[in-house]
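For reference, TrEMBL has these:
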type	residues	note
TRANSMEM	B:12-29	transmembrane segment
TRANSMEM	B:41-61	transmembrane segment
TRANSMEM	B:68-86	transmembrane segment
TRANSMEM	B:92-113	transmembrane segment
TRANSMEM	B:120-137	transmembrane segment
TRANSMEM	B:171-192	transmembrane segment
TRANSMEM	B:223-245	transmembrane segment
TRANSMEM	B:251-270	transmembrane segment
TRANSMEM	B:277-294	transmembrane segment
TRANSMEM	B:306-323	transmembrane segment
Amino acid sequence: MLGNQPVSELNMSKISKSFAGVPALKGVDFNVRGGEIHALLGANGAGKSTLMKILSGAYETDEGNIEAGGVSHAFRSPSDSKAAGIHCVYQEVDTSLVAHLTVSENIFLDNLASPKGKAWLSWGKLHDEASAVLERLGLHISPRTLVRDLTLSEKQLVLIARLSAQKAKFVILDEPTAPLSLEETEKLFGIMQGLKSDGIGVIFISHRLPEVLRISDRITVMRDGERVLTVRKEEIDSQGIVKAMLGRSFEEEFPKLQADIGKPVLTVARLEAGKRVRGVDLEVRQGEIVAVVGLVGAGKTELSRALFGADPIDRGTVAVNGKSAKLASPAEAVRAGIALVPEERRKEGIFVRESVLHNLSVPVLRAISRLGILSGKRERELANRQISDLGIKTSSATQQTAFLSGGNQQKVAIGKWLETDADVFVFDEPTKGVDVGAKRDIFRIIGTLAQQGKGILYLTCEFDEALGLADRILVMCDGSIVKSFNRGEATHEDLLKFASAVREELA
Amino acid sequence: MRKHLLPFSFKYGALLFIGLVILFFSLYNQYFFTYSNLTDILRSISIVTFVAIGVTISLLVDGFDLSVSATVSLSTVITASLMVWYEMPLVVVLIVPIAVGALIGLINSLLIVKIRIPDLLATLSVMYLVNGIHKNYTAGYSVYSHMPMPDGSTAPGEMSKAFLWIGQGKLLGIPFPVVLMVVAVAAVHVFFKYTRWGRQMIMTGGNEEAARLSGVKVKKIRMYAYVASGIFASIGGILFASRIGSGQIDAGAPMLMESVAAVFVGYSVFAAGRPNIIGTFFGAILMGVLVNGLTMMNVKYYQTDIVKGLVLIVALAVTFIHLNRRKA
């Protein structure tokens, strides 16, 4: 639809942004032309999403300049950026759609919500216009369908139809393929090609290198808040991209404690749960730290929740100490001897409004009570022991947990399990949002648990941690374990390769 | 000095306010601060306090039980009818309504925990259902001793003396319902402070997902809370029947709001900012004192509602301003 107009260009120059004094972007230049698919790559925390949030108006930039179609813009809100023709399809499609309205209403939501819109709604016209948009994109969805009845990929496509109806000039697709099947991905690529030939500039964020190399025209790689390179697709291969994403070698010391490895404590066979865990086999032995690495969206969190009975298991078996475990609820998982330190610490791991004392005793209330009456003395002893053993920095045991730092909250989330009889400890991204000092403490705690003969399953997207800490590393991609390395066998590059599903190329 | 004064006034402000209100009424009317009037106030709040304990428990697990008023009504007419229509012994008269209260709690928790209807909606529906059942049960009539029956005969039984003593008698000079109330408040307070199940309820209310991921059986815990709420409401109904000496239709209707008000005033006691039993007790006392004192001042009953509303607003505003500021 924009085919006849001159090619527009989007220029972000010298973009800098800090959060609480910590720089997230350091003078980034980024350029997108109309009619190209431009892939934006980088490891977790490289600054991709911050850059895109500035472009879509969700954040304001501290320094730098944004120019679209030759006009300089200062985006203060998402509506500013939409007015300039820049639209974003976020990964969480449900947050942008109104589930109980029809496809048509969702496509024209902004027009309907606009104060300049017409007072009366012509349903026939609305549906006709929606059909036209859908047809042009090659989508076969009835405009009268309710959005809640659509599949996830169809919802994405409705969002693309919406921005197409709004005459978008630049489109950000934030990891759109992560939740899609192969067939759905193909369909999305077809539509991306269509946008491209309409003269729209598409910014494509993905962790899957093969598809990036297939569909994009140019590739920009970011690392540590800086742009590392921008090249035409033909000038680079997946090895080169991986190297650019990682940069110089990460040599960090991890305190690895020696532990004797014994018989298997956790055996998982053909585990399937929901859409993200698609047949996982793994084994953890006494004293062994097994890391499961993978990119965001690989299914690690879902795996940990399934192992802990927090989400239902569809198929497969889990055995603890050779005994088959029924995991219909976390309570049963705890009884079977599994403990989970979940990823969403403040939402799932601790009770922010309660004291450290009450947090630490939740899983062991039975053990510190007699006939249901709690022993205040034993509860305090237990709390004080954990506080000193784990080095939890708190003014007192009765301090409200909300006032502790992230690292100390994490120690509370770990500490509450230490007095249970758990044989298997599952950690899901335990160092997320934790400062360096507390990180070392957490590694030490995990090492000590291994020395006591516990089995540790450590799920992380921080490859360095897995390399430094684990006795074995399993790489997870798209819901299954694709590769296993013993300690010292793998490099950072190997892990990223397998986690990014480059395996087809290697084979 | 200021630094300490402000938190102090937030923490003890509510108690101080109750003290000031009592002082004010005492100075205004010489009959206010007498033993008989004070015990009267306590007796007048005893039934609402029982209902409010139930509401507090449901709020503590992050729910809300709107069906308590209907449970009070049903329990009242069942209690009276067991004596008047069926001449049942005292034990049965006491146990059946409590069992019915527990059953209503079970129905609530089935809807909320199993079918996952939001608490307010589920208990609102059950409120209508139970209200309808209690009116059907008595065909719309109140139940009293030797009442005329639809077939023209007279009901065989009467409200027994022993039963009426529960609501009207005195133990060592203290009205028996007041004794029951104090025992219940103390017992529930101990339950929440010193028992495993009480702690699990508090943790479940604080963060249900974290509690579940700590191995707490949150569904069971929430079920127990609703059953407890139903039982406390039904005890309120028994006390009501015993106090009035008959089974009045819609006896519980005004009690939902009265008890909820007590619970919310209770939020401000000790600046807890959340439901707590001791707070609920003081909330009920404040409401009782206000009604009693204002009535003595010849304020019309419909004007006291304005005062109650204002007190509730001030108590909650002070509490939440304090809590939000601390968070920031």
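Glycine is treated like the rest: Cβ placed from N, Cα and C.
Note that the structure is a prediction, hence the values are computed from the model and not measured.
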Inquiry  = Do any residues, 6 or more residues outside the transmembrane segment (B:306-323), come within under 8 Å Cβ-to-Cβ of it, and if so which ones?
reply    = 10, 13-14, 17, 261, 264-265, 267-268, 271, 273, 286-287, 290-291, 294, 299
Request  = Residue list, the transmembrane segment (B:41-61) vs rest of chain: Cβ under 8 Å, 6 or more residues beyond ends.
outcome  = 68-69, 72, 119, 123, 175, 177-178, 180-181, 184-185, 188, 192, 201-202, 204-205, 221-222, 225-226, 228-233, 235-236, 239-240, 243, 252, 255-256, 258-260, 262-263, 266, 274-277, 280-281, 283-285, 287-289, 291-292
Task = Could you check if the transmembrane segment (B:12-29) is in contact with the transmembrane segment (B:251-270), meaning 3+ Cβ pairs under 8 Å among residue pairs at least 6 apart in sequence?
result = yes
Ask   = Which of B:92-113, B:120-137, B:171-192, B:251-270 shares the most C-beta pairs under 8 angstroms with the transmembrane segment (B:277-294)?
value = B:251-270
Note = For the transmembrane segment (B:92-113), out of B:68-86, B:120-137, B:171-192, B:223-245, most C-beta pairs under 8 A are with B:223-245
Ask   = Looking at the stretches B:120-137, B:171-192, B:251-270, which one shares the most CB pairs under 8 Å with the transmembrane segment (B:223-245)?
value = B:251-270
